[in-house]
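J.: Sharing a structure with you now.
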Amino acid sequence: MEFEILARCHTTNARVCHMKLPHGVTMLPTFIPVATQAAIKGLSAQQVEALGVSLILNSTYHLNLRPGTEILKEAGGAHRFQGWRHNLITDGGGFSLVSLNKSARVTEEGVLFASPSTGEPIMLTPEESMAIQHAIGSDIMTQLDDVVHTLSVGPRVSEAMWRTVRWLDRCIEHHQKSEKRESQSLFAIVHGGVDPHLRDQCLDEMIKRKDRVAGYAIGGLSSGEKGRTLIKQCADKLPADRPRYCTGVGFPEDLLVCVALGIDMADCVFPTRTARFGVALTFHGPLNIRLKKHAKDFCPIDESCPCPTCASGTSRAMLHHIVTVETAGAHALTQHNIVFQARLMGGARGAIMNGIFPTYLKKFFAEYYGQAGYPEWCVNALNSVGVDLLEGKPDAKVVPGDGAQWEYSDTA
Amino acid sequence: MVETSFQAELPPSLTFSPIALADLPTFGPRLGQIALHRQDGSAHLEISTPNLMTATSHGVIPHLSRDHVNVTKAIRWVHVPFESFLSHTPPIPTLQPGPHPIHRFLGYDPSQHIVSMSARDPFDGRDMPANGKDFISVYCIRGVRKITPNMWNSYTSACNPDVVTALSDTPFTPPPHSQKRITKSIEKSSAWLTDILQAQSQQVLAQGVSEHQCPDISVPNVRNVLVHMAGSVTIQARQAFANSLLEKLDNRDAEQLAPLRTLDDGVAGYVFDLMPLRAALSAKMISTSEILPGLERGAMSVIAPNAQQQHDTPELSDLIQASLKHLPVTKPRLVNSANSPHEMLRLIRDVGIDMIDAHWAQSAADIGVALDFYFPTLNGSPTAIQKCVGPRVRPNGKADLGHNLYDIRYARDHSRLAANYRDALSSQALTGNSSTPASLICPCPTCSPTIGAPAYLHHSTVDHYSFAADSSPAQPSNFQPPFTRSYIHHLLHTHEMSAHSLLVMHNISVLDAFMAGIRTVLEGPTGVEEFHKHVEDFVNCFDEDQVVFDEAKVDWAGVGRARGKGSSSREEIKQALGTAVAL
Ligand SMILES: [Zn+2]
Ligand SMILES: [Zn+2]
């Protein structure tokens, strides 16, 4: 991996970076659409790249179950298998395993679980995680981590953090010995729950291993105020010459806050999943296309959006007619939402390059939350990096808590 | 009358030109050209026949996003059943502003797609409440609705499709139907055809005025009216309906419909919906007391034709011939719901059908079948090319029409979908054989994907580092490797919607190549003779029982059940088939 910082925001910790991997260049900050099973819902690889996306995520846990490493190797890796020419990142497998498989049990050796198809016990070790990701051939691999519930406290959090550090060593060891050590890059995952002290210890340990780690993921943090304080703590301490990746972040407001705190990349199923529930993301807040008010609206989701859905003039009325009934409705919203996220992050890159990122933040939040009120945690998080969203807006409404009273709901 | 002469000057915008008109027989295979010249001067479209029509559900081609529709060149004629829009009054597409409202609302390109509209989905054979004196029962997501000829005239007028099927009184109450019912059906269908033709001529008059006053106003087409040939499975009834089209109009109608002398003068083509015919035929054959499992009509049969239903083409051909016997041979003949390429070939051979819907090929994609057949079957079939395994050969010696990609045998099969068609990339790489006939390449975006179409979106000033200014997609170097059987096998078993998108584009393209093969044979100097021979070869070569469909159906249902989505209600199955996978 070649990694170069092209520009820094003069106020916040945001930056624009040029990240060169075996399958091309990805400009950071970026949002990573999720192709869990080697497909972004309903789309082909060519359709995804046409949207201006150069990095997608595959799930190590899922691809190991199906099609399995043997078939992936035969097919020439996951790139060839899914027809994807650009960069690919995989997770370590720990998070999906623990969140999807009730039987998963963590031991020092690895994570023990029952195969969902045969029920036979399987052990996912750090070495095995590396081997699977080598078969996948992802440009960025992630270490196996010991995942605990987001809000856990107590000795289990510390145990998991220290184990994650030990597993990082085993991942590094295995990867360094493999012939893939040049072509694939390994990311560490910073853990430590919501305990700043543990986070600090974890950062110290992982930074010690910097020479053999291409980048850092920040794991196990929920959205909301506390999580963001910890993200800032991590981003501040992580070496500047390594990319910083925040897992599971996808709400637009959240993405921009993370960028301001110094995060370079983030992945989430949110934009594609919410599309299947009929929600279109816009700069004026999300639209639930299933609501009756859209039935006779012949405007596209967003006149200025270059996505295939809006550019071809698909009206909200048409989407209302087919959404959740025809798969084509989901495809149309998925294309739009991926482009929305790409525009949001592309806008951030451009603003940082031009030295106007604070203005970009203010404009985004004013448009997105103008009516509904600013989420307090966003106001605070951005204050911590020198941007006051409320500056010159004495009448602005601030909503305490995590905000987001949107049409995100899937029960409308 | 002045108006009359004005009307007479307006040519019908849809024309059909059979080739070799001089000795065109009433029945028998034929070549032709359908041309659409819209009155507003927008693109002029031509379709060589025999050809296919793409079926839609809720107005969209199932599983295809708009960019995929536009790059699938086999999609030229799109048929839109309108009933799904009747959940709102007035139906939403009728409110669409701008020219070509139905194209625009649904995202079809007037310069690429002919759009036709019928009230009912020709494939929906479900039992329905009886039609009334002046309405038919239709189905939408909120239940049964009524539609009258007046409503149909106003909806089609507002939507302005290129082609409209007149309302037809086809009974969807459980068969058999009494003679009295069939007689009524004929009378009403012909009265409703009169209605739409009258509305048409009134619109032409209005149009003449508006054109005079404001030449820039968007001019609606003279809609081309197709008639569904009524009479069910009674030969005499079908003949009677056809005769009613040819009767000289009585005074009152003649005045209103001038310059038409007969109803047939106003008809642009003849439609045959096979679904209700098959239902009535099977009711005729079995006593109503013993309904065999698997023979119930309706949504289940969407999945795959049942063996019992398959070889009824001769009866169907007789019925269609009864309608066409005295009608002009110079109008296009359209068939909906043919259930195999074998049946398509027989309908072309025995009747001379010009357009056939692709529903069969499209629904194969719903159940994970990748089509792989060709016409004419070549001596020493090309299945051996490139280590790409051809379709399974059954104990009866006949090959499957495609591959059930759910089958475990495809888990490690990393070849392209069809053995009978190359992909563009590997075809290019064939050294010294750059002359692979284009017809042997599947041009679909699954087998021959291209990149950079139309252009990558850039989202910031630094995005050129990721996506350099791309050359045009027409560049042959932009062809990518085909999507493989193993990949689609994986997508099917992981319930990924992309499986169906990739299969639909391929299957429609294979059917398109099949039609092109038919035309190529017919173009030969002894085309008709050759065609008969090739039809025999095809029937001997490919399995008409479609066992592969039944197997796929079982796997499809099994994967659904494994996911806890098993359901038995017909509506749910139809829903599931519309989407094939849980959203
Ligand atoms: Zn859009
Ligand atoms: Zn193909």
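For all residues, glycine too, the Cβ spot is worked out from N, Cα and C.
Worth saying up front: this structure is predicted, and the values here are computed from it rather than measured.
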J.: Pick from A:10-16, A:192-198, A:248-254, A:311-317: which range does TrEMBL record as region 'RNA binding'?
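T.: Residues A:248-254 are the ones TrEMBL records as region 'RNA binding'.
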J.: From A:22-26, A:207-211, A:237-241, A:272-276, which range did TrEMBL mark with region 'RNA binding'?
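T.: Of A:22-26, A:207-211, A:237-241, A:272-276, TrEMBL gives region 'RNA binding' for A:272-276.
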J.: Which one of A:His191, A:His284, A:His336 goes with A:Cys305, A:Cys307, A:Cys310 at the Zn(2+) site, as TrEMBL has it?
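T.: Zn(2+) site check in TrEMBL: besides A:Cys305, A:Cys307, A:Cys310, the record includes A:His336 out of A:His191, A:His284, A:His336.
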J.: With every protein chain in view, what's the tally of Cβ atoms within 10 Å of the Cβ of A:Cys307 (Zn(2+) binding site), excluding that atom itself?
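T.: Taking all protein chains shown, A:Cys307 (Zn(2+) binding site) has 28 Cβ neighbours within 10 Å.
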J.: Over the span of the region 'RNA binding' (A:272-276), count residues by DSSP class, listing helix, strand and coil in order.
T.: 5 helix, 0 strand, 0 coil
J.: Nearest to A:Asp145 (substrate binding site) by Cα, among A:Asp91, A:Cys305, A:Cys307, A:Cys310, A:His336 (recorded positions)?
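T.: Considering only the listed recorded positions, the nearest one is A:Asp91.
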J.: I want to verify one value. Collapsing DSSP to three states, which class is A:Cys310 (Zn(2+) binding site)?
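T.: Helix, per DSSP.
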J.: State the Cα to Cα distance, in Å, between A:Cys305 (Zn(2+) binding site) and A:Gly220 (substrate binding site), rounded to an integer.
T.: 33
J.: C-alpha of A:His336 (Zn(2+) binding site) to C-alpha of A:Gly220 (substrate binding site): distance in Å?
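T.: Per the Cα atoms, A:His336 (Zn(2+) binding site) and A:Gly220 (substrate binding site) stand 29 Å apart.
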J.: Quick check: of the recorded positions listed here (A:Asp91, A:Cys307, A:Cys310), which one has the Cα closest to that of A:Gly220 (substrate binding site)?
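T.: When the Cα distances are compared, A:Asp91 comes out closest.
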J.: Identify which of the following binding-site residues, namely A:Asp145, A:Gly220, A:Cys305, A:Cys310, A:His336, place a Cβ less than 6 Å away from any atom of ligand 1, and list them by sequence position.
T.: A:Cys305, A:Cys310, A:His336
J.: Take the mean position of the Cβ atoms of A:Cys305, A:Cys307, A:Cys310, A:His336, the recorded Zn(2+) site. Which other residues of that chain put their Cβ within 8 Å of it?
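T.: Near the Zn(2+) site, the remaining chain residues are A:Pro300, A:Ile301, A:Asp302, A:Pro306, A:Pro308, A:Thr309, A:Ala311, A:Gln335, A:Val339, A:Phe340.
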